[in-house]
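Here is what TrEMBL records for this protein:
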type     : residues  : note
TRANSMEM : A:6-25    : transmembrane segment
TRANSMEM : A:30-48   : transmembrane segment
TRANSMEM : A:60-80   : transmembrane segment
TRANSMEM : A:87-108  : transmembrane segment
TRANSMEM : A:114-132 : transmembrane segment
TRANSMEM : A:162-179 : transmembrane segment
TRANSMEM : A:213-238 : transmembrane segment
TRANSMEM : A:250-272 : transmembrane segment
TRANSMEM : A:292-316 : transmembrane segment
Amino acid sequence: MIKTIQKSTWIYIAVAFMLVLLPFFKDERWFLFLMIQVFTFGIFAMSYDLLLGYTGIVSFGHAMFFGLGAYSIGITLNFLESTFMNLFLGILLALVLGGIVAFFAGILTLRLKSHYYAMLTLALASLFLVLAEKWRSVTRGSDGFTFRIPELPGPLQDHRNLVVYMFCLVSMVLIFFGLRRLTESPLGKILVAIRENEGRVESLGFRIMPYKVIISVVSGVVASFAGVLYAISIRFVGTNVFGIDVTLDALLMTIIGGVGTLVGPIIGAGIIEFAHHYLSDLSDVHWIFERWIILFGIVYILAVIFFPAGIVGTLWHKLAKRKHKKQEMKQKTSDKLAS
Amino acid sequence: MESIIETKDLTISFGGHIAVNQVSVSIPRNLFTSVIGPNGAGKTTFFNLLSGQLNPTVGKVFFKGENITKKSTVERTRLGIGRSFQITNVFPNITVLENVRLAIQSREKVRFQMIRHFTYYKKFTEEALNILNTVLLSKRANALAANLSHGEKRKLEIAMLLALDPELLLLDEPTAGMSLEEVPAILEVIENIKKEGNRTIILIEHKMDMVLGLSDQIIVLYNGELLAQGNPEEIMDNETVQTAYIGGESK
Ligand SMILES: Nc1ncnc2c1ncn2[C@@H]1O[C@H](COP(=O)(O)OP(=O)(O)OP(=O)(O)O)[C@@H](O)[C@H]1O
Ligand SMILES: [Mg+2]
């Protein structure tokens, strides 16, 4: 058991290292930018997976945490001086706000039937969207606003995109390992049990609510941080961060990559972001390629039909089956030897 | 004789149907009690009222003298009431071992540990494997619970209950659906708990030979009502039981 964990950890570290080297081979602006999107949405999709894949909670308004993060950092750096101190302050504000909203959304609805959480989060996200549109003095309404990020010292300023790339990559890797530990902790095991059979968890003597609220808060904080990274990477905040397609993207990335796998959502984010990019290029060929939401629907349906476990989930099943067969073979040969 | 759990006029109705009707019983501590009665008599519903899955329409439940009628399932489990389910109730998409490990984790009160890796608690895994061994399920430890046969799922139910190690064990037809060769091992597990003498067991069972062999006391439910209560001889000689409940070996 321990051995396999170490093996996978080495693989993840190797991949992370390759991603560190990648921009030194391919440093076009659009490519760096796309990779940054993959990292930020990878983080965002992981936070979604904590709810959907691990605990079995459906959220239709996950964008609100993303948006909260984006606006927190944008507003802070816009209204205060653009210094590292304030950058840090903005991030802190984002995390705290994300946590508080997730906490209240959690205790208000998670004791009810599961669809209440989906509905409340959807309603809350719409509320934040309206707030962002109407509170013009702070948010500039639907026009949104650009903001400056602090100047980097010396020569680093010339490689600003690279620095943002590394910052997002390191964040994603650290968050991945942190969340993986969380899901493999005793508490993480209880989350999965809640997903599997709530009633049984209670009759084992665990209360359900605290776990749902805890994971809702963790997920909200991580999603908010993803929003921060997103805003920093484009140095602009607009109301689209509260949009339903942000939530749907997270949902699709998680499902395509594999629910309940954590690494799946990152892969899903890669696939969706690159598909998004290349398909938009094809919009000259046919208008349908511009209608992302239509493609989204088609991909979604195909994924659910043919890949219900997602890419990573399907791979794991295959691997597990192979292992199982090997073990059976061993068993058979040893049985033969014994007789 | 000191009682561990006691009911007073325990009643529950679903719509108009009264499934358990004014049942007042007292279960002596550290003894073996069986609950018998024909299909639909209200036995499982009675368990649900004891373990907190259902709340009574009328009546009270006392555990070690304390009124627990208003207490939730979680609280009752923590007080020491554990049960197995007639309709298998496990975590399907995780391994058999993990199912049992979770019960041990609960018993050991490891509830909010989110920093350590679960393998840090090696003893839990070892104990879970031991328990699986006693119910003859260790070969399937790494299978998903969903992939178990019906009989194997019954064993897993028992393993999870053993892992919880409660003071009061409620067993709802633990051997139903098992093949004949498998029953003796489970019977032995139950007998061993009984022999240790520091646990109270309440068993719902249709197999009369098993009931007569194990029980210190038998409770007969019929149409939701308490028909009789007494030691095996008294119950066998009881004429009301004879006439009303001939369904003993109907299953
Ligand atoms: N949740 C419920 N809602 C409505 N009716 C119920 C419910 N639970 C049980 N009943 C009814 O209550 C009666 C008693 O059911 P119960 O399951 O307790 O019987 P039982 O004695 O355990 O039977 P068996 O030997 O078949 O397991 C049945 O008529 C059943 O249909
Ligand atoms: Mg029953």
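Including glycine, each Cβ sits where the backbone N, Cα and C put it.
All TrEMBL annotations are machine predictions without curation.
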Looking at the transmembrane segment (A:213-238) and the transmembrane segment (A:250-272), are there 3+ C-beta pairs under 8 A, with each pair at least 6 apart in sequence?
no
Could you tell me what the rest of the chain brings near the transmembrane segment (A:60-80), counting residues at least six beyond its ends with Cβ under 8 Å?
44, 47-48, 51, 86-87, 89-91, 93-95, 97-98, 101-102, 118-126, 128-129, 132, 138-139, 145, 147-150, 219-221, 223-228, 230-232, 236-237, 241-244, 246-247, 250
Taking A:87-108, A:114-132, A:162-179 as candidates, which has the most Cβ pairs under 8 Å with the transmembrane segment (A:30-48)?
A:162-179
Is the transmembrane segment (A:250-272) packed against any residues at least 6 beyond its ends, judged by a Cβ distance under 8 Å, and which are they?
12, 37-39, 41-42, 44-49, 52-54, 62-63, 172, 176, 179-180, 183, 192, 195, 296, 299-300, 303-304, 307, 309-316
Folded-back contacts onto the transmembrane segment (A:87-108), same chain, C-beta under 8 angstroms, at least six residues removed:
64-65, 68-69, 72-77, 80, 117, 120-121, 124, 149-150, 209, 212-213, 216-217, 219-221, 223-225, 227-228
